[in-house]
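**Q** So TrEMBL lists these for the protein:
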type	residues	note
TRANSMEM	29-49	transmembrane segment
TRANSMEM	61-84	transmembrane segment
TRANSMEM	90-114	transmembrane segment
TRANSMEM	134-154	transmembrane segment
TRANSMEM	174-197	transmembrane segment
TRANSMEM	239-262	transmembrane segment
TRANSMEM	274-296	transmembrane segment
COMPBIAS	393-406	compositional bias 'Polar residues'
REGION	393-429	region 'Disordered'
COMPBIAS	420-429	compositional bias 'Basic and acidic residues'
Amino acid sequence: MPVPKVSQSPPYRPTIWALGGQAEAKVDIPITAVFLILFIVGAIIHMSIFQRNNKRGHKFVFSILLCGFCISGVMTTILRIASISTPTNIHLAIAAPIFVASGVVLIFVINLVWAQRIVRSFHPRVGWHPATSIILKVLIVCIIFTLIIVITARVQSFYTLQPRTKKVVRDLQIFGTLFLAIISFLPIPITILAVVCGTSWPLAQFRSNALTDGVMVTVALPQKSPPDKFGHGRLRSKILILLTGSTLLCLGATYRCGTLWLPPVPRSQPLPSYFHRASFYIFNFVAEILTVYLYAIVRVDLMFHVPDGSHGSYNPQQQQPLATIRSDVESRGAGQESKYVLANNFETETRIPTSPAVQSLYDSNSDITALPPIPTPLLPIATPRLSLRNSRMSFSKESTLGSLRKSQTRKKRASTATQAEKRVWRKSEQERIIKRLGGPWEKLTES
């Protein structure tokens, strides 16, 4: 392969081999066009997922970030096709590698945030601690500055021929790629440590044979709380998806960093095998495409979704503990109505019969703490509307019961009355009817 001539004015053509080697139009353009179509389809899929979720109030901003990454991949492939088609344009050769290194950073940040959610699920005290959020924000800021350093060094490498400046530029590129490789690897150990340290072990039971009365004592060790579930699907599926995506991206970032750490090879020498174009496509575009479509197929918008405003727990019912309701009720004031009041007169005491040996064992151990008190039940408060409704219901019940009692009394008296009493009742009934009709008494009586 002929050695490219060095330009007389900047920007200068590269004098060392890079990952991918010298691009050829007949081979690289069709391959890059396939990846261009795949990135376009991925952007459409993630944007449609975001729009459907947004219409039903399901907020998941990571779909927009994944769509942005696909758009960055579209720009990368377009610039690569353009630079291959016009090899004399050095500016296109400068811009294409910049998008290759910058777009994947979005998924690095996404994986870090999802790893934090896994930590919060297994270790709420650690995951929800303010220091954890501060560390994540600091990492994101460092990623942005590192990306700026890498882009600046990449551009500067085309505008200098001084050996000292080239060495500084190369050192900056090595630092940037190494830092991004570490960032791509971080979600893997974070997730594994969270799962290993947060696994709920079964209760350990021990039997004591020291008691003489044949009573078996079971001592239960404290069990770790179960993981705080979030999103849809099983937690192990979320962990597997996150580890798979992080591993794919970590392979690409690590390979780019490793090849850059090797001594530079001048273009006057043959292309090393680790710079082959197959390595370029596999560890760049293939790994990214697999990650994008994996996240779309498994619906990460449902698996890694958490409620808005979550703090301390992903369960909305656990956002405020029950013990703070009393203080909230007392702080409302006399002019406002509360939905619940505390029934302080509800007390329950349970006594479990124990043998003298067990009782002496508990009495001798002063480290055993008492169980927490039974939470006070909540009863609905009596509002004016509720009182009026209750009074109406009680009045209707009383009237119905009164009429039933009167009818039963009449039937009982009618069954035990004599003939004279029946004639008197009949006469009084006739008089009542005549009086209601308002007719003349004499004529009605005679008739």
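Quick reminder: no glycine exception, Cβ is built from N, Cα and C everywhere.
Annotations in TrEMBL come from automatic prediction, not curation.
Help me understand the surroundings of these features in the structure.
**A** Within the same chain, residues 63-64, 66-67, 70-71, 73-74, 77-78, 80-81, 84-85, 281, 285, 289, 292-293, 296, 299, 301 sit at least 6 positions outside the transmembrane segment (29-49) and bring their C-beta atoms closer than 8 Å to a C-beta of that stretch.
Residues 23-25, 28-29, 32-33, 35-36, 39-40, 42-43, 46-47, 49-50, 53, 92-93, 95-96, 99-100, 102-104, 106-107, 109-110, 113, 285, 288-289, 292, 295-296, 300-301, 304 of the same chain lie 6+ residues outside the transmembrane segment (61-84) yet bring a C-beta within less than 8 angstroms of a C-beta in it.
The list of residues near the transmembrane segment (134-154) in space but at least 6 beyond its ends in sequence, with Cβ under 8 angstroms from a Cβ of it, reads 94, 97-98, 101-102, 105, 108-109, 112-113, 116, 169-170, 172-173, 175-177, 179-180, 183, 186.
Beyond its flanks by at least six residues, the transmembrane segment (239-262) meets 19, 101, 104, 107-108, 111, 114-115, 118, 173-174, 177-178, 180-181, 183-185, 187-188, 191-192, 195, 272, 274-275, 279, 283-284, 287-288, 290-291, 294-295, 298, 300, 303 of its own chain at Cβ-Cβ distances under 8 Å.
Under 8 Å from some Cβ of the transmembrane segment (274-296) lie the Cβ atoms of residues 17-21, 23, 27-28, 31, 35, 38-39, 42, 45-46, 49, 66, 69-70, 73, 77, 100, 103-104, 107, 241, 244-245, 248-249, 251-252, 255-256, 259, 262, 265, all in the same chain and six or more residues away from its ends.
With a threshold of 8 Å between CB atoms, no same-chain residue lying at least 6 positions outside the compositional bias 'Basic and acidic residues' (420-429) comes near it.
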**Q** Using DSSP, how many residues in the compositional bias 'Basic and acidic residues' (420-429) fall into helix, strand and coil?
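**A** Per-class counts: 10 helix, 0 strand, 0 coil.
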